[in-house]
Amino acid sequence: MYQAIPYNANRAWPAASRPATAAAAPPPPPPRGEEEEVRRAVAECPVVVVGRSGCCLSHVVKRLLQGLGVNPAVHEVAGEAELAGVVAGGGGVALPAVFVGGRLLGGLDRLMAVHISGELVPILKEAGALWL
């Protein structure tokens, strides 16, 4: 059984162990293997959704595609840096990113616009993600 630690107003909190300069340091570059993994998934799968782990927008993209009968491959990354090497030009890529037929379709806003206009199903059929 666990014991609760009683609250004591006189007890001081432990000091932070990291130096103040560590917060200003830029994050380390992403591992090259992650970028290659995304690139391979985009080349092999008809529909790939690249997003952050637990992102609600990625969930919406996945549910929309599943509602149309597509089972997208979902790849979770830490940030846009891993995705920049996959897209030609690399600029202006936001997560979640949807790749259809090996090409970048766009984010959630572009996916919704194409879906509302009725162009999404023909694009998915052309990519081989839908058979009906």
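From the backbone N, Cα and C atoms, a Cβ is placed for every residue, glycine too.
Given the structure is predicted, the values throughout are model-derived calculations rather than measurements.
Noted in Swiss-Prot for the protein shown:
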- CYS55: [2Fe-2S] cluster binding site (BINDING)
- 35-131: domain 'Glutaredoxin' (DOMAIN)
- 16-38: region 'Disordered' (REGION)
- 129-132: motif 'Responsive for interaction with TGA factors' (MOTIF)
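Reduced to three states, the DSSP call for CYS55 ([2Fe-2S] cluster binding site) is coil.
Here the residue listed as '[2Fe-2S] cluster binding site' comes close to LEU95, PRO96: these same-chain residues lie at least six apart in sequence, with C-beta atoms under 8 angstroms from its C-beta.
The DSSP breakdown of the domain 'Glutaredoxin' (35-131) into helical (H, G, I), extended (E, B) and coil residues amounts to 45 helix, 19 strand, 33 coil.
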